[in-house]
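Okay, structure first, notes after.
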Amino acid sequence: MPEVKLTEEYGFCFGVKRALEIARRSLREGKKFDSLGPIIHNEYVVDELKKEGVEVIDSIEESKKNLVLIRTHGVPPEIYERAKSLGKELIDCTCPFVSNAQKWAKKFYEEGYVVIVVGKKDHPEVVGIVGHTEGKAIVVSSSQELDVNLIRNKKVGVVAQTTSRLDMIQDVMDRLVEEASEVRFANTRCNTTQKRQEQVERLSKEVDVMVIVGGKNSSNTRRLYEIASKNCKKAYLVSSPDEISGDWFYNVNSIGVSGGASTPPEMVEEVYEKIKNLLGGGGYGGGKVDARQ
Ligand code: SF4
């Protein structure tokens, strides 16, 4: 029977666990609040909190409650000011790793550096980081996006979106070193992201099929999927065990499973168990799994 392997770490990261603990504790204390954007990119968790009265809002003005939760991605400073002027209090669940990236971007900006953020322009975490430079930071996801005129012979300070891949950062740094007069880099990637990416990198090189579990709009989950796809011809991204097809495991020797930082660990384990059951049970969706190996 094909072997099914889990990465050493999977499921909720430190920042997400912390945010959910704060949210659940606040609910237990009888606090009523809304969440500015989904607390994490996972529909199951968002639905669970919705049942407890936590609505997802797009702007702080939308909430009729006096308390609003800031999620792990963080927000630009203007949100704190708007909340204050509206008389609302915040439950701040910004992940400490994200706060660190915001702090470095602000520091570089105040010291007169051109601030470069390596990441995805529209990602809420990046929007928050850029806000800490009065909107002046330049966001790039590759060296091709760098406008040489803005960096040539300039002092440049670089921070990374916490979930950035190392090769993306390296690509941007190589170009900056060629053009800028000074380059400073604050390593604001989070350890969790780095470790999980390395584990997925290793496992996806070993196995025939790699299954990543998590929300399809979750940035860190998608990064794991990108890494898995690069190393493994058959890589799949699923948000629940229901999306697994027995066809994926036909005639394979080994299968790897991992999950993003916003995925409940039980969900990853359910996917793992389902694959094992499919293989052990001799098939799924018409008995197409080859369990003879
Ligand atoms: S992935 Fe890292 S930066 Fe993002 S919430 Fe989790 S611990 Fe924080």
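For all residues, glycine too, the Cβ spot is worked out from N, Cα and C.
TrEMBL labels come from automatic prediction, so no person has curated them.
Here TrEMBL flags CYS13, CYS95, CYS190 as [4Fe-4S] cluster binding site. Residues or ranges marked as dimethylallyl diphosphate binding site in TrEMBL: HIS41, HIS73, HIS123, SER218, SER219, ASN220, SER262. Sequence annotations record features per position, and here TrEMBL assigns (2E)-4-hydroxy-3-methylbut-2-enyl diphosphate binding site to HIS41, HIS73, HIS123, THR162, SER218, SER219, ASN220, SER262. As annotated by TrEMBL, isopentenyl diphosphate binding site applies to HIS41, HIS73, HIS123, SER218, SER219, ASN220, SER262. Marked as active site, proton donor by TrEMBL: GLU125.
Overlay of TrEMBL annotations on the structure.
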residue : record                                 : contacts (Cβ under 8 Å, 6+ apart)
CYS13   : [4Fe-4S] cluster binding site          : CYS190, THR192, THR193, ARG196, ASN220, ALA261, SER262
HIS41   : dimethylallyl diphosphate binding site : GLY214, GLY215, ASN217, SER218, SER219, THR221, SER262
HIS73   : dimethylallyl diphosphate binding site : GLY37, THR94, CYS95, VAL98, HIS123, PRO124, GLU125, GLY128
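Checked against ligand 1, the binding-site residues CYS13, CYS95, HIS123, THR162, CYS190, ASN220 give CYS13, CYS95, THR162, CYS190, ASN220 as the ones with a Cβ under 6 Å from it, listed in sequence order. The secondary structure of ASN220 (dimethylallyl diphosphate binding site), as reduced to three states from DSSP, is helical.
Compute the center of the Cβ atoms of HIS41, HIS73, HIS123, THR162, SER218, SER219, ASN220, SER262, which mark the site for (2E)-4-hydroxy-3-methylbut-2-enyl diphosphate; besides them, the chain residues with Cβ within 8 Å of that center are ILE40, THR72, GLU125, THR163, THR221, GLY260, ALA261.
In this structure, the binding-site residues SER218, ASN220, SER262 were compared by how many other Cβ atoms lie within 10 Å of their Cβ, and the smallest count belongs to SER218.
Using the Cβ center of CYS13, CYS95, CYS190 for [4Fe-4S] cluster, the list of other same-chain residues with Cβ within 8 Å runs, in sequence order, PHE14, GLY15, VAL16, THR72, PRO96, PHE97, VAL98, THR162, THR192, THR193, ALA261.
Note: THR162 ((2E)-4-hydroxy-3-methylbut-2-enyl diphosphate binding site) has non-local neighbours CYS95, PHE97, VAL98, ALA101, GLU125, THR188, ARG189, CYS190, THR193, i.e. same-chain residues 6+ apart with C-beta under 8 A of its own C-beta.
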